[in-house]
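Reviewing the structure listed below.
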Amino acid sequence: MTSAWSSEIQHEGLKQWIQEVAELVTPDDIRICNGSDSEYAEVYGIMEKSGVAIPLNPDVHPNCFLVRSSPEDVARVEQFTFICTTKKEDAGPTNNWRDPQEMRQELQGLFRGCMRGRTLYVIPFCMGPLNSPFSLIGVELTDSPYVVCSMKIMTRMGAEVLKSLGTTGSFHKCLHSVGAPLSPGEKDVAWPCNPKNMRIVHFQDDSSVMSFGSGYGGNALLGKKSVALRLASYIARSQGWLAEHMLIIGVTNPEGQKKYFAASFPSACGKTNLAMLMPKIPGWEVECIGDDIAWIRPGPDGRLYAVNPEFGFFGVAPGTSETTNPNALATCKTNSVFTNVALTPDGNVWWEGLTSQPPEGLIDWRGNPWQPGGAPAAHPNSRFTAPVKQCPVLDPQWNSPEGVPIEAIIFGGRRSETIPLVYEALSWQHGVTIGASMSSATTAAIVGEQGKLRHDPFAMLPFCGYNMAHYFDHWLSFASNTSLKLPKIYGVNWFRKDKDGNFIWPGFSDNLRVIEWIFRRTNGEESIAKKTPIGYLPEESSLNLEGLNLSSQALQDLLSVDVSGWLKEVANVREYCKIFGSDLPQTITDELFRIERELK
């Protein structure tokens, strides 16, 4: 098996690992990916030939294609996602823990011969700008052409990364297989997967990932959630930085002053919409650095600096439209992959929310003619994968190796009651408690029940690679470093409803009105806020509401402290935090008692 491919690899450790894996998984061929456009076209051609990829109308979506996954492989599978640490308590109560030795043995059995009849693709990738002190290099071995094309969009990958790795550089080993070997002469299915044996496994002892059975997004594109969050969060704790499920935006006011904010929301709560927000208020500008992941490190001047480790967007399609997010539509106009959306007769894509009326003659995400009134035409978790460079509001500093200085951190979720539109933490410790207390109505990004309220601290519940209580502690530790100039922390909630069940706040581009208030607060404007037990709330007159038709009752609902609701909220958070036992930092317990005491 060590023939043509081995001469392309100068790194002996990498060469040896590829050889070991090849002996285990027995592929028909091995291919080192160079990341070129011609390679992308060739691999896409393989998918088109196999029937998994459908080219879109080049007049509407040049160099774009639609992929339909198996209905059994459509979202992240948290129940099959594992953190392996020597001691169970290091993984904590919010992760699925397995003994690393036992799990490695189990995976050896699953991976044995799993690439028979397939090509093993070697994907060298870099999370973060090449040659940045922030960056991590990984190598993903996969048998999925879909993963090759998606990783080309989502990461910096190929020959450049291999060169940067040199002959001795360290890298994260990421092994992936769809888990569907082919016998000689056996015809392949369009989307091979192995739903009964799915495993997405993270080994913190050697910072590696093994993923089996799923070809979908976060389960298979191992640079994304696996390396950039689950492994990176563990590394960040030991090295004094943060790996977070956050967007990063640059905001410029009419006077030309610019600030960078990071914001954390659970999946499908409007991260991409906020990251690409198009302001309605004259003179304001919002530019995007990233919509999903932020790596944040203390800089030489004591401020916290953030980079987006990704190279593309993996956005939820349903609900994205010219009204809600015109910049996202412009971003995925060309060179993009659409997964599990509907197809129009003229070779265009469609999903719920794209237009008010569906076009006639749609083919749904399963490949069947679609009838209005039945199941959705596009899967609720259907996606677009698009290069970050195509974003029309991309910030000039998007590729800065040093990152950008963060002046505000924002936490949000999907809450219909109690949580106000915006509030500012009274201290860093209080801000960490706001992050730890986050909960949200669940969405289609995870397999399971939709619409239930689930606790999702820091929107990191599925992504924190170690004990969440130790993670809270790590966040709190930043306050004890007196040389740091820490950003202010805010909570926001775009999803409050009135008694009739209607959203009170218009959301989308109007969220800039809240960002404007936060901007002014970071400039030290005292008179625009009032102090309450839950934090600083806007004075009603301080929010720019020009052009909005909000009643005084609506404004009161959005900006007041619902005492009984908050007492229930504190009790709920305290009850949830019992899962952490004695590991829960005392600071969080104290903050919850303070809020309760002051409310009473």
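Backbone N, Cα and C define each Cβ position, glycine as well.
In the record from Swiss-Prot, residues Tyr216, Gly217, Gly218, Ser267, Asn381, Ser382, Arg383 bind substrate; the candidate from Arg31, Arg68, Arg76, Arg521 listed for the same site is Arg76.
Asp292 is the only one of Asp143, Asp292, Asp301, Asp346 that Swiss-Prot places in the Mn(2+) site (with Lys225, His245).
Inclusion criterion for the binding-site residues Lys225, Phe508, Asp510: a C-alpha placed within 10 angstroms of the C-alpha of Ser267 (substrate binding site); this criterion is met by none of them. Most Cβ neighbours within 10 Å, among the binding-site residues Tyr216, Phe508: Tyr216 holds that distinction in the structure as shown. Put simply, Asp292 is the one of the binding-site residues Gly270, Asp292, Phe508, Asp510 whose Cα lies nearest to the Cα of Arg76 (substrate binding site). For His245 (Mn(2+) binding site), the same-chain residues 6+ apart in sequence whose C-beta sits under 8 angstroms from its C-beta are Leu229, Ser264, Asp292, Ile293, Phe458, Ala459, Met460, Phe463.
Cβ neighbour count for Asn381 (substrate binding site): 23 (other Cβ atoms within 10 Å of its Cβ, all protein chains included). The Mn(2+) site, placed at the center of the C-beta atoms of Lys225, His245, Asp292, has further neighbours from the same chain whose C-beta lies within 8 angstroms: Gly218, Lys224, Ala228, Leu229, Ser267, Ile293, Phe463. A straight line from the CA of Thr272 (GTP binding site) to the CA of Lys225 (Mn(2+) binding site) spans 16 Å. Taken over all pairs of the listed substrate-binding residues (Arg76, Tyr216, Gly217, Gly218, Ser267, Asn381, Ser382, Arg383), the Cα spread reaches a maximum of 16 Å, rounded to the nearest whole number.
A straight line from the CA of Tyr216 (substrate binding site) to the CA of Cys269 (active site) spans 20 Å.
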